[in-house]
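Below: the structure, in C-alpha cells.
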Amino acid sequence: MPGQPARHVPLIAPSILAADFARLADEAAAVKGADWLHVDVMDNHFVPNLTLGMPVVESLLQVTDIPMDCHLMIDNPDRWAPPYAEAGAYNVTIHAEATDNPVGVARDIRAAGAKAGLAIKPGTPLEPYLEILREFDTLLVMSVEPGFGGQKFIGEVLPKVGTARRLVEAGELTILIEIDGGINADTIEAAAEAGVDCFVAGSAVYSAEDPAAAVRSLRERAATASRHLTL
Ligand code: DX5
Ligand code: ZN
C-alpha cells in the first residue's frame, strides 16, 4: 500500500568470521546498531575449516548486548547445539545435512531458551525440509559453500528464498528467512527482492573503514529493495 511502511524490516547480522580474532570484544563493539552478531562455529569436520566454539561464545556473550546468532557448521549438532542455547545465544542454527534428527535438535534448542535455525547448503533442496520448518524459527539459506568468508554470492539459491517467502506470506510458516555468504552492496538488493529478512555480511562489514556505517548502509539498501514487495 503506498505510504505504508514495509512490514518487512531488514535485519543485518555482521559475521565476526571477517573480524580480527585477537580483538573480538572491540570488533563486536565496532558494529554497534547491528541487529544480530553472527558467529560461525566450524569444526574442521562438517566444513574444512576450524574457527571457535563454546568458550569463545561464552566470552563474547559477556561483552556484547547484540543478540548472538550462532551458525553451527559442525557434525553431531544433536550433542553440541543445545549448550549454545543454554549459554544465552539468541538464535542457534544447525545444518540440515549434519543430522538425521533436526526436529529433535530444534526442540532441544528451543527448550534451552533460544530460537532454532535450520541451515541448508547451496546444493541442498528446500522441499524435503518444508514440513519440519514449523519446528524452527529461522531458515538460513547459504549463498556460498560453508567454510570460508569472502566468497562469491551464488544467486541460484534465491528461488529457495522465494519459496519460503511465499509460504510465510500464505501463513503456512512463521520463520524468519536469513541468507549467508557473499552479501554486499552489489548483491543485497537481489536477496531482499527475493524475500530475505536477515542478511549476514562478513567481509562487506569488516573490510569497511566504519563497520557500523556499513551495517546501516546495507540495511538501507535492503529496505529500499524490498519496499515495493507486498509483504
Ligand atoms: C561461511 C560463513 C559466513 C561467512 C560470510 O561459511 O557461514 O557467515 O562469514 O562471509 P562473507 O559475508 O564474507 O561471504
Ligand atoms: Zn555463517
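A Cβ is built for glycine as well, from the same backbone N, Cα and C atoms used for every other residue.
Keep in mind that what you see is a predicted model, and the values were worked out from it rather than measured.
Per TrEMBL, the feature substrate binding site maps to SER15, HIS71, GLY147, PHE148, GLY149, GLY150, ASP180, GLY181, GLY182, GLY202, SER203. If you look up TrEMBL, you'll see HIS38, ASP40, HIS71, ASP180 marked as divalent metal cation binding site. Among the features that TrEMBL reports, active site, proton acceptor is placed at ASP40. For ASP180, the entry in TrEMBL reads active site, proton donor.
Taking the mean position of the Cβ atoms of SER15, HIS71, GLY147, PHE148, GLY149, GLY150, ASP180, GLY181, GLY182, GLY202, SER203 as the substrate site, the remaining residues of that chain whose Cβ falls within 8 Å of it are LEU17, ALA18, ASP40, VAL144, GLN151, VAL200. Residue pair GLY149 (substrate binding site) / HIS38 (divalent metal cation binding site) shows a Cα separation of 12 Å. Sitting within 8 Å of the Cβ centre of HIS38, ASP40, HIS71, ASP180, and not among those site residues for divalent metal cation, are the Cβ atoms of ALA13, SER15, LEU17, VAL39, ASP69, CYS70, MET73, THR93, LEU140, VAL200, GLY202. Taken in sequence order, the binding-site residues ASP40, GLY147, ASP180, GLY182, SER203 that lie near ligand 2, meaning a CB under 6 Å from one of its atoms, are ASP40, ASP180. The binding-site residues SER15, SER203 differ in how many other CB atoms lie within 10 Å of their CB, and the one with the most is SER15. Here the C-alpha separation of ASP40 (divalent metal cation binding site) and SER15 (substrate binding site) works out to 7 Å.
In the three-state DSSP assignment, the secondary structure recorded for HIS71 (divalent metal cation binding site) is strand. Between the CA atoms of SER203 (substrate binding site) and HIS38 (divalent metal cation binding site) there is a gap of 12 Å, rounded to the nearest whole number. Separating the Cα atoms of ASP180 (substrate binding site) and HIS71 (divalent metal cation binding site) is a whole-number distance of 10 Å.
Sequence-distant neighbours of GLY182 (substrate binding site): residues of the same chain at least 6 apart with a C-beta under 8 Å from its C-beta are SER143, VAL144, GLN151, LYS152, PHE153, ILE154.
In this entry, SER15, HIS71, GLY147, PHE148, GLY149, GLY150, ASP180, GLY181, GLY182, GLY202, SER203 make up the residues listed for substrate, with the farthest two CA atoms of the set 16 Å from each other.
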